[in-house]
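Copied over from Swiss-Prot, here are the features:
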- 1-11: topological domain 'Periplasmic' (TOPO_DOM)
- 33-48: topological domain 'Cytoplasmic' (TOPO_DOM)
- 70-76: topological domain 'Periplasmic' (TOPO_DOM)
- 98-101: topological domain 'Cytoplasmic' (TOPO_DOM)
- 125-137: topological domain 'Periplasmic' (TOPO_DOM)
- 159-164: topological domain 'Cytoplasmic' (TOPO_DOM)
- 186-196: topological domain 'Periplasmic' (TOPO_DOM)
- 218-224: topological domain 'Cytoplasmic' (TOPO_DOM)
- 307-341: topological domain 'Periplasmic' (TOPO_DOM)
- 363-395: topological domain 'Cytoplasmic' (TOPO_DOM)
- 417-430: topological domain 'Periplasmic' (TOPO_DOM)
- 452-471: topological domain 'Cytoplasmic' (TOPO_DOM)
- 12-32: transmembrane segment (TRANSMEM)
- 49-69: transmembrane segment (TRANSMEM)
- 77-97: transmembrane segment (TRANSMEM)
- 102-124: transmembrane segment (TRANSMEM)
- 165-185: transmembrane segment (TRANSMEM)
- 197-217: transmembrane segment (TRANSMEM)
- 225-245: transmembrane segment (TRANSMEM)
- 263-283: transmembrane segment (TRANSMEM)
- 286-306: transmembrane segment (TRANSMEM)
- 342-362: transmembrane segment (TRANSMEM)
- 396-416: transmembrane segment (TRANSMEM)
- 431-451: transmembrane segment (TRANSMEM)
Amino acid sequence: MTDLPDSTRWQLWIVAFGFFMQSLDTTIVNTALPSMAQSLGESPLHMHMVIVSYVLTVAVMLPASGWLADKVGVRNIFFTAIVLFTLGSLFCALSGTLNELLLARALQGVGGAMMVPVGRLTVMKIVPREQYMAAMTFVTLPGQVGPLLGPALGGLLVEYASWHWIFLINIPVGIIGAIATLMLMPNYTMQTRRFDLSGFLLLAVGMAVLTLALDGSKGTGLSPLTIDGLVAVGVVALVLYLLHARNNNRALFSLKLFRTRTFSLGLAGSFAGRIGSGMLPFMTPVFLQIGLGFSPFHAGLMMIPMVLGSMGMKRIVVQVVNRFGYRRVLVATTLGLSLVTLLFMTTALLGWYYVLPFVLFLQGMVNSTRFSSMNTLTLKDLPDNLASSGNSLLSMIMQLSMSIGVTIAGLLLGLFGSQHVSVDSGTTQTVFMYTWLSMAFIIALPAFIFARVPNDTHQNVAISRRKRSAQ
């Protein structure tokens, strides 16, 4: 990348800062949830919605981000994304109630949904094709550093300042990023096809109301009759989308995607798999603080080994999959993650705290292997004309399943615990033990899906080539 013009390198730095802001925010909040609950006068069992409101908004808005960038221009949309994210951060810090915080997090989510995919699109437009991989590696590196710093930084700010600062630190970075975007980034546009607004609205309504209904009457405060109504609305919306997308070449996501077996299995496995693994970043710091009495900073530091394990494993995932094949790797890592989850719970409740960093490092390795394998399995056999649509659908499903996972984790805590959980409660560790056991069971379930993946990797490649040549 040294032969790129200075202006292009500056533009890559802007995209990298956007990736860093978005990735930092996904992890920095987790260690602050108990302190937020105390400050806002809420039960810690309700604080999972702080994460859900952000991740669910990202899932809902993702399908529109690429079309908006092509229509309005990458500079305009990237600038808007940074402004919305920064304003959302300010409103989060100013929130005095949980409902205000949830609305502010949703605004953050709108910005976050546009920031990363539009950033990728920007790199694609400003960098020569032969240097695209090197450029993407450069801009995504800060996105890997964000999760590494987030938990510890969040714990440090909460312990020595207040939870408001985990949002306030975004403001100066956002202002600098917005100004730099206007000054340095070109406003590339492309000819766009008509946006499938009907399909977008049907999917958005279906995802939002079903996730809200899943939280139950205790979590939302809604009556059982209203919850039943939300479920009915969500199911009807999704069925209407399927009818809308059938034989519709302009559908948001073509149903032709599901003719590729590995895509169908990979997407189903990714959805189910990320529901389980999506619980872990939320539950781990909450358990360490409320269940074991760790300080916010100590709990944040304990999350670093998990991120290091994840980053370290990415270098050898390809060799592992090539050696053992997708089916064996995915089944083994799914069951392995369930066992590691049980191991974490056992060592924590036994008081073997010195073992926890090693267990969390192992958890990060297993989880990273499974994530990378799921992603490549899902997309590897798609024909070229469906690859972009399939990637967008996978990105949306990833965010949606994580929001559902956090919702289920909060629901399990509510089922097993009292309305208010404190460190002094004699039942607290029992509540968390039952929750972790349930999580381990949920994490193991996708193994049944992955067991149906064709076993031989080379055979899969040969089949995919015949499919591509036949279309």
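Including glycine, each Cβ sits where the backbone N, Cα and C put it.
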Contact between the transmembrane segment (12-32) and the transmembrane segment (396-416) (3 or more Cβ pairs under 8 Å, separation 6+): no
DSSP residue counts for the topological domain 'Cytoplasmic' (159-164), split into helix, strand and coil: 2 helix, 0 strand, 4 coil
Any contact, the transmembrane segment (431-451) to the transmembrane segment (342-362), with at least 3 Cβ pairs under 8 A: yes
Same-chain residues at least 6 beyond the ends of the transmembrane segment (102-124) whose Cβ lies under 8 Å from its Cβ atoms: 11-12, 15, 18-19, 21-22, 25, 49-50, 53-62, 65-66, 68-70, 74, 77-78, 80-89, 91-92, 94-95, 132, 135-136, 139, 143, 185, 188, 392, 395
Non-local residues, at least 6 beyond the ends, that sit with Cβ under 8 Å of the transmembrane segment (286-306): 27, 30-35, 44, 47, 148, 150-156, 158-160, 348, 353, 356-358, 360-361, 363-364, 367, 421-423, 428-429, 432, 436
Non-local residues, at least 6 beyond the ends, that sit with Cβ under 8 Å of the transmembrane segment (165-185): 7, 10-11, 13-14, 17-18, 21, 25, 28-29, 32, 74-75, 78-79, 82-83, 85-86, 89-90, 92-93, 122, 153-154, 157-158
The transmembrane segment (49-69) in contact with the transmembrane segment (342-362), cutoff 8 A, at least 3 CB pairs, sep 6+: no
Listed stretch, out of 197-217, 225-245, 342-362, 396-416, that has the most CB pairs under 8 angstroms to the transmembrane segment (263-283): 396-416
Same-chain residue ranges lying at least 6 outside the topological domain 'Cytoplasmic' (159-164) that approach it to Cβ under 8 Å: 32, 35-36, 39, 93, 295-297
Cβ contacts the transmembrane segment (396-416)/the transmembrane segment (77-97), at least three under 8 Å, sequence gap 6 or more: no
Residue numbers, six or more beyond the limits of the transmembrane segment (77-97), whose CB comes under 8 Å of its CB atoms: 14-15, 18, 21-22, 25, 40, 65, 68-69, 103-115, 118-119, 122, 164-165, 167-168, 170-171, 174-175, 177-178, 181-182, 185
Positions on the same chain near the topological domain 'Periplasmic' (307-341), where near means CB under 8 A and six or more residues out: 144, 147-148, 151, 269, 273, 276-277, 280, 359-370, 372-374, 376-377, 436, 439-441, 443-444, 446-447, 450-451, 453-457, 460
